[in-house]
Amino acid sequence: MSVKVAVAGASGYAGGELLRLLSAHPEVEIGALTAGGNAGTALGAHHPHLVPLAGRILVETTAEQLAGHDVVFLALPHGQSAGLAEQLGEDVTVIDCGADFRLTEAETWVEFYGGEHAGSWPYGLPELPGQRDKLRGSHRVAVPGCYPTVSTLALLPAVQRGLVDPTQLVVVAVSGTSGAGKAPKAHLLGAEVMGSASAYGVGGVHRHTPEIEQNLTPYAEGPVSVSFTPVLVPMSRGILATCSAPAVEGTDLAMLRQAYEEAYANEPFIHLLPEGQWPQTQATLGANTVQLQVTIDQRIGRVVVVAAMDNLTKGTAGAAVQCMNLATGLDETLALPLVGVAP
Ligand SMILES: NC(=O)C1=CN([C@@H]2O[C@H](COP(=O)(O)OP(=O)(O)OC[C@H]3O[C@@H](n4cnc5c(N)ncnc54)[C@H](OP(=O)(O)O)[C@@H]3O)[C@@H](O)[C@H]2O)C=CC1
Ligand SMILES: CC(=O)N[C@@H](CCC(=O)OP(=O)(O)O)C(=O)O
């Protein structure tokens, strides 16, 4: 079986990571590669690491260029996907790395993104209970945001088992700068980023806050609310999320570990580390994995979960390929590395 794929936004960070993974995919033929202003240039000018594809010329991002493929990956800025997806037939599998189709509630979309809500597609986090079946054979997939992926997976077993108060979730997550994309931004100039860590989107205003709540709500006994604080740190990729919540009376460490062991026992990409070993971003770099560790801060009765993930791999492109595998009936794990890059 050969799946012909196109990548829109191939010159960007998510597009580049998609092509790194797809280049090693045994069932994939790489078709059109598109860009915005960089259409007409060679892929290698943007991604010199993608050696076998370096000479490929980027074309304009139009429905015509994307037609004729089995799978179209959209790795474009928010707001660009809906118009293109509309013009692609229902028989084409469209996997959107952007946010346009992640949120189910129009009101929440308007509050956090502004503008019209395009709708919602099956959410590309196969590790959510029951979600795999919705992704198998689906022709539309909304790939999660990077922070929501790591935060949801870090908190889900504790929330689902009723071990924590789901109205008091706290996530503080540091991220490498590739999370912001490659387009120049004032707060991402070298001098601002190097040698400094800076919080942003503080106070419940970051757009990933409602996405985390949306993900956990179906598995909680009551309402879910999260205080989410992202922090930019001087590394190119990786997220380390520290997630905590008040422990429900009676929760002990053995119960907590058991909840995580059982929840992820059959998940190929989600790994609870041996006791005493704490996640590091480096161990997940370039891998489609999330590494987790749990404990209880007995002094104040809080469950604490630390999780590491590569924002560009499991946080975007790896998740997108995992969803393509599911949607097209391939082995879910094909072409997805378990092995990171270290040191
Ligand atoms: N970076 C990350 O960690 C994550 C990213 N995502 C999502 O993936 C998507 C891509 O992000 P990322 O790769 O980081 O962003 P980049 O800024 O690195 O890349 C954006 C890509 O879109 C193209 N593009 C920009 N504007 C237009 C346009 N008007 N028409 C057509 N193409 C255009 C760019 O082409 P050109 O080079 O010509 O400008 C480039 O190929 C976003 O929706 C983002 O939210 C999701 C999770 C994590
Ligand atoms: C470090 C950094 O800036 N990260 C990005 C999130 C990256 C991500 O998941 O992207 P989308 O939701 O945009 O797809 C941010 O906070 O906006």
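Using the three backbone atoms N, Cα and C, a Cβ is placed for every residue, glycine included.
Now, the feature entries from TrEMBL:
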- 4-136: domain 'Semialdehyde dehydrogenase NAD-binding' (DOMAIN)
- Cys146: active site (ACT_SITE)
Number of Cβ atoms other than its own within 10 Å, given for the residue listed as 'active site': 29
Counts by DSSP class (helix H/G/I, strand E/B, coil) across the domain 'Semialdehyde dehydrogenase NAD-binding' (4-136): 42 helix, 26 strand, 65 coil
